[in-house]
């Protein structure tokens, strides 16, 4: 008990945001470590090495066009844009936190992809003959996927942590991701092409668990900056559009060449389109005068892409994709309206970007859809060879579709357990008063970590609520949802 009291007393010390020593030290030391570890472990794979010429002859490959680079690089470009532009700009909605939203997103991703190449390499592409990790273009895509989980988690604690804390979050997040990914994809042998379970469910609940541990009881003191202005919401919408356009590439990037990749892009494309209409409809329906809330359009319109991820390469059928998108548009938008305020008020989870509605819940829905679709697979629909090829029912993993459905559900459980358990553990580490995070009254402000130019004119008045997480204007909304509009 005395130890607990001393720890609580330690964590309640006054905040010191001076990171002049700690932040450069972490960046320099960790980048040096990356250089050393890459020198010891990382090598080119056979398709990116100069021995490709010999490899072609050995495998009787007649054209360089058969190199995996030409199949994967267009998808890699799209995913890369999503990571650095889409996620970054999506989080620029706060009126005074745009530098941090885009800049720290850049920082997390740049460090995370290096650490991910190592962690995923040790689990997935380690050559035991020489002890080296062999990387190619598919490794780069998987590293971006890994980083996406950490960027999702960043959304839950946006504006409340220091860059040093974000580096620690990424270090542990990538490590946990690589382990749960290996268990789900290699040991359980669940299929998760678009990462509904591995990326979105994990990243969502990892960030929410950290936010729960880092709960700030006096966050209301930062209310003056805890919202958006007109131009910040426009910038956030840029991120939404990049993510929305490239999501078919995200879900199909590492699927099998041919029909699997083709089908994954179609399913995602249709699910996203369906989500947009239902999001607009629900947003308008639950506003007193029928106006549309921009925050719903920025976020919930993407939920269909998340939820179709696990089943993206399955025979979900075009109408099935539309159904998934339709349901997710409703659930995600209602989550922003009702569930997020409830979570903050009752569960003490301060979810700045509403990642529970965009990633966590749709990720769980995606895992469930994947389990049901896998269990319902049949030879009549897939064909004998198609069934084996789609689910890799070969060797040790020769299963029936029903059994595969059970393993899909087990994979979802693993993602949730790793996310919540790991998030609580990392949250306890980040709660220590050594990371240079700001006090409650100074959250959501770039000034403490960036050289901010002097503004030529005063700030526009902040919106009366933080659209992403605060209760305020929604207090009496339910009673007046369907009342006659005032003239």
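Cβ from N, Cα, C; glycine included.
Owing to the predicted nature of the structure, the values given are computational and were not obtained by experimental measurement.
The domain 'Ammonium transporter AmtB-like' feature in TrEMBL is assigned to 64-434. Over the domain 'Ammonium transporter AmtB-like' (64-434) the predicted model carries a mean pLDDT of 97.
Feature annotation from TrEMBL assigns transmembrane segment to 21-42 (among others).
The transmembrane segment feature in TrEMBL is assigned to 97-118 (among others). Sequence-distant contacts of the transmembrane segment (97-118), counting only residues of its own chain at least 6 positions beyond either end whose CB sits under 8 Å from a CB of the stretch, comprise 30-31, 34, 37-38, 41-42, 83-84, 87-89, 91, 133, 135, 139-140, 142-144, 146-147, 150-151, 154, 158-159, 163, 166-167, 169-171, 173-175, 177-178, 225, 232, 235, 444-446, 449-450, 452.
What TrEMBL lists as transmembrane segment is 139-158 (among others). Here the transmembrane segment (139-158) has Cβ contacts under 8 Å with residues 45, 72, 75-76, 79-80, 82-83, 87, 90-91, 94, 97, 100-101, 104-105, 108-109, 112-114, 116-117, 119-121, 124-125, 166, 169-170, 173-174, 177-178, 181, 195, 198-200, 202-204, 206-208, 210-211, 214, 253-254, 349-356, 358-359, 423 of the same chain, all six or more residues outside its ends.
Per TrEMBL, the feature transmembrane segment maps to 164-185 (among others).
Look at TrEMBL and you will find 197-215 (among others) tagged as transmembrane segment.
According to TrEMBL, the feature transmembrane segment maps to 235-254 (among others).
The annotation transmembrane segment is assigned in TrEMBL to 266-286 (among others). Tertiary neighbourhood of the transmembrane segment (266-286): same-chain residues 194, 244, 247-248, 250-252, 292-293, 296-297, 300-305, 307-309, 311-313, 316, 318, 320-326, 328-330, 332-334, 337, 477, 481, selected by CB-CB distance under 8 Å and a gap of 6+ residues from either end.
Counting same-chain residues at least six beyond the ends of the transmembrane segment (319-339), those with a Cβ under 8 angstroms from any Cβ of the stretch are 266-279, 281-283, 286, 293, 295-296, 299-301, 303-304, 306-308, 311, 354, 356-358, 361-362, 365-366, 369, 373, 467-468, 474, 477. What TrEMBL records for 319-339 (among others) is transmembrane segment.
Summarising the annotation, TrEMBL assigns transmembrane segment to 360-377 (among others).
Under the heading transmembrane segment, TrEMBL lists 409-430 (among others).
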Which residues, given as numbers and ranges, are at least 6 beyond the ends of the transmembrane segment (164-185) yet have a Cβ under 8 Å from it?
19, 22-23, 26-27, 30, 104, 107-108, 111-112, 115-116, 119-120, 122-124, 146-147, 149-150, 153-154, 157, 192, 197-199, 202-203, 206, 210, 411, 414-415, 418-419, 422, 425-426, 429-430, 435-437
